[in-house]
Every structure is written in structure tokens, then in C-alpha cells.
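Asks: Sharing a structure with you now.
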Amino acid sequence: MNPDITRERENATFDVEKLTHILDGGIEKTKRRREIESLVISDPDFQSEDLNFLSRSERYDAAVKKSAQMILKLREYGISDPEEIYCYKSVFRGHHHEALVLHFIMFLPTLYTNCNKEQFKKWVPLAESLKALGTYAQTEMGHGTHLRGLETTATYDPATQEFVMNSPTITSIKWWPGGLGKTSNHAIVLAQLHTQGKCHGLQAFIVPLRSMNTHIPLPGVVVGDIGPKFGFDEVDNGYLKLENVRIPRDHMLMKYAKVEADGTYVKPPSAKLTYGTMVFIRSMIVGEAGHALAKSCTIAIRYSSVRHQSEIRPGEPEPQIMDYQTQQYKLFPLLATAYAYKFVGQYMNQVYHRITGDISQGDFSELPELHALSAGLKAFTTWTASAGIEVCRMACGGHGYSRCSALPDIYVNFVPTCTYEGENTVMMLQTARFLIKSYRQASAGHQLSGIVSYLNESERRLQPQSVSSRPTVVNVNDLASLVDVYKLRAARLVKLAAKSIQQELQKRVSQEDAWNNSAIDLVRASDAHCHYVVVKLFAAKLGEMGDTGIHSVLSTLALLYALQGIQQHSGDFLQTGLLSVPQLSQVSQRLKELLAQLRPNAVALVDAFDYRDEMLNSVLGRYDGNVYEHMFEWARRSPLNKTEVHESYHKYLKPLQAKL
Amino acid sequence: MFLLSQATSSFARENSIYFAMNPDITRERENATFNVEKLTHILDGGIEKTKRRREIESLVISDPDFQSEDLNFLSRSERYDAAVKKSAQMILKLREHGISDPEEIYCYKSVFRGHHHEALGLHFVMFLPTLYTQCNKEQFKKWVPLAESLKALGTYAQTEMGHGTHLRGLETTATYDPATQEFVLNSPTITSIKWWPGGLGKTSNHAIVLAQLHTQGKCHGLHAFIVPLRSMNTHIPLPGVVVGDIGPKFGFDEVDNGYLKLENVRIPRDYMLMKYAKVEADGTYVKPPSAKLTYGTMVFIRSMIVREAGRALAKSCTIAIRYSSVRHQSEIRPGEPEPQIMDYQTQQYKLFPLLATAYAYTFVGQYMNQVYHRITGDINQGDFSELPELHALSAGLKAFTTWTASEGIEVCRMACGGHGYSRCSALPDIYVNFVPTCTYEGENTVMMLQTARFLIKSYRQASAGHQLSGIVSYLNESEGRLQPQSVSTRPTVVNINDLASLVETYKLRAAKLVELAAKSIQLELQKRVSQEDAWNNSAIDLVRASDAHCHYVVVKLFAAKLGEIGDTGIHSVLSTLALLYALQGIQQHSGDFLQTGLLSVPQLSQVSQRLKELLAQLRPNAVALVDAFDYCDEMLNSVLGRYDGNVYEHMFEWARRSPLNKTEVHESYHKYLKPLQAKL
């Protein structure tokens, strides 16, 4: 063990193991998680060369192999609880992705929920036995976020009782679905339904893509891989062009909407049902933001404890780079953010399950709020986490740029969350729509409940006051007081956005133009709202902590999170008169103290995330701190080192030398 | 059948050239209010320079030897292979075309490389220049011809596994043995292994190695040695030389960044570069006359990086803004056709400030280049007086511009939605190949603190009554004008529509933040900590002060550039950009401006309002402003950034060439999926 990192662990002031239990949700859960992790880690079938050493085709090949093995192993071990499967897959995947992921998270669930009885009987066994390898084909080249704009058509032909599927334009080619390019032989295709001369909007159809015997694409199906990407090298995101592909009438998923034999369209009973999945996936992404940031902090903080560089005091040995205030200022607020997002992720998961219970009993009342919250938080957390991963990477200096640090992989595999499952700016504006609507209701005298209830107070407490006459009540050392300040900031920025719309309307522009012309303010309001929610949830989590040591260190983290947010957005707090200039100086001073206070616990706080070396797959983030030896060993395995002299020497350099 | 499909695809390829221009982007160009060509001349530095640049670009683009498959479709080994091939061809072509002016070579290479890197990059930018400047006469005669004829393929091996930024900590040793008149080179620890130098892994047969010189029992610090690595005949590593590639990275796939472990490697005494310091035959060490000489190269490279920041951002903006003009999505007004995404205020707010930044950095890069050349002249005449200021400025601006540009590239990429994530957008390549500028050639935070050191020193001089000159002269005023005043009594003089007034505001912000940092150090010292600890405990404030200083310099240089522009149309649009740049910076750092009392709350609301107006005002000129950067499609290599705006057809065509599409059924189906199905 590297003595530097051992010393760090000895200096910790709290019980790391207990904090791990809290993060897992109980000692039993920690135990079970570790059992499952060991299953994967000790399994010789899952030992493989670092994917970074392979070509893309080899990586895809390796991913398919692992996915196939995993399916058999899960059955063998009898792991069937979704949480446990998730855990198993997290280890198995590392920072990478599964070849068959869409089959399990979209194809099968859609069959479960959208098949009628007969369809269920036919398709579910085919899909569960992987005879039908499926994906979910929604986005097209020309449309992602705006679903109504999708152009693929399914036209009913009553003569043959078939749907004729077409990609009528270049922009209508399905683009991006995972597993579509090479893996799947079926897809659930979202298409505009045309019957009896009318368009009835988007419906889902099961479209066979490849022969179930030979895997060769069927007539009229033009399918393939969309080419290399920033990350996700293992996944064959695909394109699909449909040219008069005919499918039987009962290949339309008919649990809700129906087309009868003669072509009569029967409407679904309610449109709200599709909400649920989106909310679930966005909640999951918030949790993933916490994971990605926690892994990145683990790597950067452990490395910062064993890396020595330069000097603080002349003549003394080179200090650990974690002793530099600037390094602490980069990493510790991100560590606090990782904890915050983990707790927010837990909360979202609980709320989702509670509300899902309500929904199955026909109670949709809480859905709009959760929908708005999950949209905004998805955007808020993924933006911050993505930027944070890069800060962690660069905090490792040059070595962070090597694939052996794992940070490039974490980044490229996480960052698409900013643009998929709802582009982030669009998400922020969805939340803003809910906030403005709530604000208007409150202004009209309605009493709001739930998370936006603070908007009730807007008229009473938020009268503009001059800076000098405002009573200074904020206590920068009291988390409850800071939660309140964040709340007031959100309330004022929502009000500011609403006023901006009002001003635009006075210029006689339409509602829609007024909205677009206030979009910057609206995003800002959503951001403040989400920030408030995160600070509030972090503070609430502290109430659940019994252990004094843990309570103390997490309180420091929470305070750091709240104060750093204030410093970063100091303009907002000064502008809205919530903080005075002298208070802001106090905040800066207090922040520095908190950094110094956290310093001895930094390594222990990342240890508590409990990512095994096999999961981190990072030379810099090793638990034992022996980074240099392993960096050298890793490098020697680089494919370019297979031969002492690369062939290009004989092909180009030697001939060149002869010519000069 | 085979012939038919070949004919079809070549037909498609030829046809693609004749696709009509996308009408959306044509309309954008028609709406521009200024002469694009004239702006290009300004960016190039004159009409003649534009002409020559285009000639050189055409040489590369029309050269059939340089046509190659998209590197993204190749494995790493194939990419390295392709890069070596291209580098070798290029050397011959440059001779053939008689291109020898450094600026012209730079231009030729910019096209030729695209967003990628040259296999022999370090040979030309470090190995050869070091030989030119640090060889004594005899060494020059021996080594320069070997290097120029590429018999000696060289690189520059400085950083080690354990040390990058802190050069004094390097551990490689060169111990003089007077018995054989040789140096014995060693890597005594694991951390002393040379790590990262480009071209070290597989390409080079020589390296200039920085090592601690030991002679007559004393260590004399870092010196440069020429170390043969591989046989000049067989290219096989020499005895005691453990050399190889450091493995895959975030980017730079084409480059064999390498490691080097030296195990008692003996080199003759005259392999130490001896123009300045010397070791005599008996081992006597002779000191160099001045240490300042090495400053120059660092300053030059950092100035170049500022220019690269402008280029990387300009390319990214070109791609994102053109794509935003042809991409339609969602709705603003119900019932109307889907708008161009550039019509969304949020999209404008993401892209237009970055466009302004790209212009700002381009101008700053030009300025740095001019100053560098002027000061180099002074230095040659023995005048080092301006070097410390330039050194401090280049360090801070390197950090300031590379951080902003790196983030900006990612904003551009994400502004393209999901398609930005495809390698066909080129934005991932631009990012991974630019972002290491934040950590190499001086890690950015360290750079900011170097600038801060200069600022604090200047501040203390001014406080002690010395009159400062140059860019920090504003610190002279600090005691007089910068008294803390209550918000209410402060006279409000800022005119947010007047660039000169905003430059002044940025200046005062910098002055106040330097003062704040100096005070923080003072406060720490009062706690009886050492100078060094006080410095470290104030580092956050010091970085903030440097940042404000650099921001002021950029705004000031942008404003100064406007004074040189005669054409009214161009002057008008660039003024709008400069105002946008200045106001957006104020909005982003509004806390600073409010805290220091330079702006009032009502003024800040005015800034927000004005910013929105400026976005709307720039909207019709956005495409023309990126056109003026004049990156041809072959240089951008981006499907989304195509000049003709026909993105979708070409995205499909590009995807079909993906290596995974070489077979209809991937082998993994037969190997794993079919057997799996049989088991379930």
C-alpha cells in the first residue's frame, strides 16, 4: 500500500463502512451488493483485455460476447430482482455499455405494457428467449426531441390487412437507436399511423428487421451502424430505412389504441400513461450523475493524495497535490456534489415508486410535479456532472488524458445524457413551464402545495426592497438558513422570468414569442429551482443520520455545497438583495475554512462510495495508490508495442530517408 | 452485381457534388449586412495573405496523395500508420512546392492535418529548433544535417511519469565519467521514466533528453543531451534503451506519445548540448552566461496556443452555427413550420457569445504574435525589459483562453443535439485534440498563479510608490481611485452601450480583485503563517484576480482592434460582437461587478435586456460571420458544418462507410448470439 494513502485513511474522523451502509440504504444491502460484485469480479469468463486496446469491431464483438454470457450467468445464479440485476450489470459493464441493453430496458418493457393479450402471448416468449432480439426505434435523423415531428409512416391497407411502413424522406430515416445496426432482428418502430385517409399520430409497431434464421436483413429493410461516436464504441447505434415493408395488422401494439380489420381507428383511453417511463428514466439519470461524479472524484482525490509536485515551502519535500488550495477548490465541491446527487437520486427513486403506486390506483395528481421535477433535475445534474468529470480529469494533470485514468471513458459515456432522453435546454424549459404556471396560479390567489409552495409567498414576502432597508437574516453557517435563501432566490428568479414574459407581451408580441424572448430568464429560473431542491434534499438527508462522526462530516459537505453555489452565483444573490457584500466576503472566507476542514477526510469520503478497482478500472484511482508501476505495466500492453519496430518504419520512413 | 453497385456508389458520389445549396443557408447568406470576403482579409492580415493561404490550401486539397479514409474508421495502429505516411509525403511535397516560409508551412500543415496531429510534429517543432539554438559549432555541423535529412528522427524528452509542471523535480540523471569521457544516463526510479513526449514511442531514433547533470560529485541541474534511441539502420532499440508507446489516450490517436527508460546508457561527452553550459574533458562544469534565454520558446508556444484557441473555437462555431441554420425542430408558434433552431433565444445565447469569443481570441492571438516578434527583436539586442510582462501575460492568457475555448467546443457540440455526439460532426475530434492545451505547456492553474505572482509584485511596487508602466499600469491608480465606497454613494458612470466605458469597468474590476487578493495574503500573514503558506491560502483569490486581469486584456484588445477597421459594415457587426462579448462577461461574473460596486442592480437588468437585443441583432449575420473564418469543408471535415448545408444526405453516406457495415451480418452473431438462442 502506498504510505501516503494509508496515512490519509488513518486521519479520517468517521467510520467509512457505516457511511457506505447509508449510501447503499442499509448494512444488508451493502452485503448483498458486495456478494454480487464478487460474482462478476471473480468470474474468469469476464476477464478481458482493456477495451481501449481494441478496434471498434473488436469492442462490439467483446460486448456481444459478454452480454450473451451475462444472460446465462444471471439465470445460473438466480438473480432476478431488478435492483440486483442493475448491480450485477454495473460491475460487469464498468464505464461501458451493454450490447443488448435496449432489448432489456425498452423492447421487453414496451411489450409487457403495450401488448394486448394475444400479442403478449406471441411476443413475450419470443423476446424472453431472445429469439426476437429487439430495440426501440424512435428518433430519426431529422427529429429527436420533438416527437410529433417524426416522419416515418405506417399506412393501413385493408385489402391485405397489413400496415405498409415507409421512410418517405431522408430525414425520416431512424437514427441512433442502440443495438439497431447489427444486433437486433426486430424493432418497435414509432410511426405516424395513417388509416382511412387520416393521420392519427404516433403509434408503436413491431417490425421484423432480419431473418430469425440467417440474421440477413429482410427485403425493404435498409439497416446498419451509424458509425463511430465520441463514446459508446461497443454499441451499434443504428439507422433504419423502411421501403414499403409490409407487416400484419396485429404487429401494431394494441393494448390502448387499435386499428380494426376494416381500418377503423379506436382511440386510447388516456394519454398520460406514457409519462411514467420518461419520468423513471430521467430519475435514473439523476442517480447516474451521482455515480459518474462519485467515480471521477474517487480517481482524482486518490491520485491527488499520492501525487507530489512542486513546492509550497522552499526546501521541504514536494507536497501532495491535494495540499494546494486550488486543488481542494476544484475537487471538494465536486465531492460534495456527488453526495448531493446520490441523495437526490435516492429521493427521486422513492418518489417514483410511491407515485407509481398512486398511478396504478388511478391517481395522477402528483405526476405533473414529478414530471417537471425530473426534467429539470435531469438537465441540472447532467450538465454539472459532465463539467465536473472534466474538472476531475484535468485535476489529474497530463495523466488524466491517458485512457488508463478511465476519466475519458467516464466522460464520453456519461456526457450524452445532456442531449438524450430530452435535450437539456428543452428539459429546463419544461420545468419552467410548470413553474410559470404555478406562479400564475399563486398570483391568482390559488394555494399551491408540494415543492412549488414557496411561490405562494412570492407576493407577500418578495416585494422589491432597497438593499439598505432589507433586514439581514441569513446565517452563512446555518444550513436551514441557506436552504431558505436558495428558496427565495428561486422565487425571485421565477418572478423575474414571469415579468419578462409580461414585458414582452406589452410589446404586443404573441404568447409564444414572448416565451421564446424570455427563454434565457426561464432557464435561469429553472436552474435556481433545481438548485434549491438539491440543497433542500441534502439538508433533509442530514436529519436521518444518527452517527455523530458521519453527521459532522456530511454537514460540512452540505455547507460546502450550499456556500460554493452561492459564490458561483453570487450575482443572483446580490441582485435579488438576499445577500450583502460583506456577507459574500464571509462566504468566501468560510469556504476556505471548509476546504481545510475536509482535507483530512477527503480520501475516506471517496472510499465510502466503495467502488472496487475492477469497477473503476483506473490506474490513477487504485485503492492501494500504486499508480506509477501500474501505469507502466498498462502502457506496455498497448497494441503499438506488439512489435519493437512498427511496420510504418519500413513502409514510409526508411524510403523517405533514402530520398532526402 | 458488384460492378453495378460500384457504379451506383460512384454515381452518388459524383452527384453529391452537384446537390443544390440548402435554401435555408442561402437565405442566411443573402441577409448578411457586410462583405464577408473583406472580413476574411482582415482576419488573414490582408488580401494578399488570403490569396496565398488559399493557394496553399488548394495544393493540399487537390492533391490525390492526401485523399484518405476518415481516420475515425481506422484502428489506432492504422491511424498511426496513416499519419506517418502523410508526414513522409508532406516533407517531400513541401520541397517540391518550394514552401519554406514558417507561416506558409504552418498553413500547409493546418490543412493537411485537419483536426489531427502530425507523426513527426516534435521533430520539427522541438528537436530541430533545439539543435539550431543550443548546439555549439561542431555539434551544429554534425547534428543539423543528420536531422534535416531525417537520418536522425528526433523528439524532445522532458516530462517524466512523476514530474510535468515542476521541471526542477525531474529525476533522470546524466553522470559524467571522466575515465571514458562519457555521460552515463539513467532512469533511477519508476517515476523518472520519461513519459508523454510525442513521437518517442515508435517514430524517433534520437531524443533530446533533459537530465540532472552530475559531475565531480556535484549536481548542476537540468541539461539537454542527445541520446540515440534506435539503430539508424534497423530502427531496433539500442541496448539499455527501453522505449515504447504509452497507450491510447483521449485523443491524439495518430501520435505515438512514448515512454523511455534509460539503463546505464553511455553517450560521448559532446552529446551534451554545449552552446551555453559546458562540461570539460576532466569533468569541470562551466556555467551558462544567462538563464533568461529559455524563456523565449515557452512564451512563443503559449502565444501560439492562444491563437489555436481562437481557431478551435472558430471551427466549432462554424459547425454549430451552420447546422443551426439548416436544422428545424419543434415549434415556437403553433401551426407554423418548425423553425430553424437558430431562432431559439437559448440557442443564440449558447452560440453567439462563443462566436464573439472566437473573434476576440483570434485578435488576441494576432496581438501576441506581433508582440512576441517585437520583443524577440529587443532580446536579440540584449534588452530583456519587456520579457517578464510578456511571460506573465502569455501564461495567464494561455490558461484563460484554453479553458474557455475547451468548454465552448463542448457547448457547440451539445448545441448540435444528438448528432454532435457522432464523429461525423468533427466536434469530438476538435475537443479531444484541443483540450490537452489546458494541461500541457504549463498546467492552467499553475499558469494563472504565475500571472498572479506578477500582478501581486506589481501591486506591491505601485503601493510602495513606484510608477508602473505597460499593461499593469492600472494598478498605479489602486490606492487613489479604488477606495471601498458604499453602493449608494458611488457615482454611476458606466455606460453599458459604450465599449470604452466597459473596458474601463473591466479594468477597475481587475484592479479591485488584485487588491482583494493582496489583502487576503496580508490577512493570512497577520495570522503569523509564512509567506508561502499565506500565498497558498490565498490561491483561490489569486486565480480570480488573474482571470479578471486576462479578461480585461481581451476586452481591451478587442476594442482596440475595432479602431483599425475602416469598412463601416464590418465595423458595425464587429462592434456588436465586441459589445456582446463584454456584456456577456459582465453577466457571467455579475457577482464581481456588484461586489466591487462597479455596477448597480438596475444596470445589471439593463445588461440582461441589452444582451437579448444584441442576440437578435446578430442573428441575420451569424452564418456570414462564421463564413468569414473561411474554413473549407475539407479542413472542417464535418458533415454538420458543410458549406452547402446538405447535412442529412452526407450523414447517411458517411455512416454507410462505417467499418461495422462492411458485412451485413457481424461475425459476433454466429459466434455468440446464435449459440445463446439455442441455449435458452
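Positions of Cβ are set from backbone N, Cα and C atoms, glycine also.
Because TrEMBL annotations are produced automatically, they should be read as predictions rather than curated entries.
Dumping what TrEMBL says about this protein:
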DOMAIN    A:15-131  domain 'Acyl-coenzyme A oxidase N-terminal'
DOMAIN    A:136-245  domain 'Acyl-CoA oxidase/dehydrogenase middle'
BINDING   A:Thr139, A:Gly178  FAD binding site
DOMAIN    A:275-436  domain 'Acyl-CoA oxidase C-alpha1'
ACT_SITE  A:Glu421  active site, proton acceptor
DOMAIN    A:478-656  domain 'Acyl-CoA oxidase C-terminal'
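Mind mapping these onto the model and telling me what they sit next to?
Replies: With DSSP states grouped into helix (H, G, I), strand (E, B) and coil, the domain 'Acyl-coenzyme A oxidase N-terminal' (A:15-131) comes out at 90 helix, 0 strand, 27 coil.
Residue counts for the domain 'Acyl-CoA oxidase/dehydrogenase middle' (A:136-245) under DSSP, split into helix (H, G, I), strand (E, B) and coil, are 6 helix, 50 strand, 54 coil.
On its own chain, A:Gly178 (FAD binding site) has A:His97, A:Val101, A:Leu102, A:Thr135, A:Phe232, A:Val235, A:Asp236, A:Asn237, A:Gly238 as residues at least 6 apart in sequence with a Cβ closer than 8 Å to its own Cβ.
In this view, A:Glu421 (active site, proton acceptor) is surrounded by 19 other Cβ atoms within 10 Å of its Cβ, with every protein chain counted.
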Asks: Taking just the CA atoms, what is the gap between A:Thr139 (FAD binding site) and A:Glu421 (active site, proton acceptor) in Å?
Replies: 10
Asks: So if I draw a 10 Å sphere around the Cβ of A:Thr139 (FAD binding site), how many other Cβ atoms end up inside it?
Replies: 20
Asks: Among the recorded positions A:Thr139, A:Gly178, A:Glu421, state which ones have a Cβ less than 8 Å from a Cβ of chain B, giving them in sequence order; state 'none' otherwise.
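Replies: Near chain B - Cβ to Cβ under 8 Å - we find A:Thr139.
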Asks: Mean pLDDT for the domain 'Acyl-CoA oxidase/dehydrogenase middle' (A:136-245), as a whole number?
Replies: 96
